[in-house]
Amino acid sequence: MKKQRIAVKIGSSSLADSHGGISKEQLSDHVAALARLKEEGHEVLLITSGAVAAGFSALGYPSRPVTIKGKQAAAAVGQSLLMQAYTEEFRKYGIVTAQLLLTRSDFSRKEQYSNAYATLGELLNRSALPIINENDSISLEELTFGDNDMLSALVSGLVSADMLMIFTDVNGLYDQNPQKNADAKKYHFLPEVTEEIASLAGDAGSKLGTGGMKSKIDAAKTALSLGVSVFIGTGCGQEKFLDVMKGKGDGTYIGNAPQKVIKMNKQWIALHSLVSGQIEVDAGAATAIIQHGKSLLPAGVTSVSGFFQVDEVVEVITQQGRVIGKGQCTYSAEELRNLKGMQSQDIQARGERHNYEVIHRDHWVSF
């Protein structure tokens, strides 16, 4: 089996004991299986939940707190306990671990996003095992990643992982709720996530987690769009992750391999960037961008909305108001208003800078 880059997401329900604390047995089982992946030469990233589950009992909560401040306080206590437990277990296998705590803002700000990309790449090159969690204790929004399901999809895309394994307490996707319907049919393989498949998932997670099957399907759809194939399921024993790679996993495989890899910069534009303005283009420019993969030139711009600066992200719309994509603009809004509709030679004749496209195709994403 060739060397692959594997992202594994382990949810709270797969880590916690019956009282809500961290189960040493379950954690040890996961670590042993992750160590086997490393032993076989694969690069491994772990996206783990469990900080709230690990910390709430230490603060005297009888069960998982439901308020934001309660969750964040429990996460502040539990994250160190969770990381300590992982570090001690991985040390038995001679594996160096690294902790990364991320928030939504780390993805929306390009410099931080690029830094996360560089750091993860260096850790993997140095054979360390990154352990990633949302920085729950300081997040401004209420644990928005959905038990880290979406976080795992975004991270797996960021590092161009070959596969994302989402491990949970359910062995895959079914056409009905298997707990309520004995005749429920399990999907062993899905080429893609359709609207029909997405509609089958419920919203609720377990008492120990925040993400139900819906968040996992949403994460799978995002991962596929970033070129990462997905497995959703369960398992036990040190061979469970290797079994998934061999096609013997107890769950659902999603996506045909190999997937098309999306460059880091385009991932950021498509999924994380904040739109600062809008550019309207004529029919010829729209066709050139969408059908022929060309860059957008000033001649094709018909109007400019907003007050964006150089290199900020803008939406591009047709004259009928349809959004066709977005990209990083090499002009400020003020500059572009003065140059819209002009041919390159006319811009050059005016002494304006003329060797920049409005949006280069390498910094453009079509919708």
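Glycine too: its Cβ is placed from the backbone N, Cα and C atoms.
The following features are taken from Swiss-Prot:
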type    : residues                                                                     : note
BINDING : Lys9, Thr168, Asp169, Thr210, Gly211, Gly212, Met213, Lys214, Ser215, Lys216 : ATP binding site
BINDING : Ser49, Asp136, Asn148                                                        : substrate binding site
DOMAIN  : 276-350                                                                      : domain 'PUA'
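Everything Swiss-Prot records as a feature, shown here on the structure.
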residue : record                 : CB count, 10 Å
Lys9    : ATP binding site       : 31
Ser49   : substrate binding site : 32
Asn148  : substrate binding site : 30
Asp169  : ATP binding site       : 14
Met213  : ATP binding site       : 22
Ser215  : ATP binding site       : 23
Express the distance between the Cα positions of Asn148 (substrate binding site) and Lys9 (ATP binding site) as a whole number of Å. 8
For Lys9 (ATP binding site), the three-state DSSP class is strand
Expressed to the nearest Å, what is the distance separating Ser215 (ATP binding site) and Ser49 (substrate binding site) at their Cα atoms? 14
Three-state secondary structure of Ser215 (ATP binding site) from DSSP? helix
Hey, how far is Asp169 (ATP binding site) from Ser49 (substrate binding site), Cα to Cα, in Å? 13
Given Ser49 (substrate binding site) and Lys9 (ATP binding site), what distance in Å do their CA atoms have, once rounded to a whole number? 8
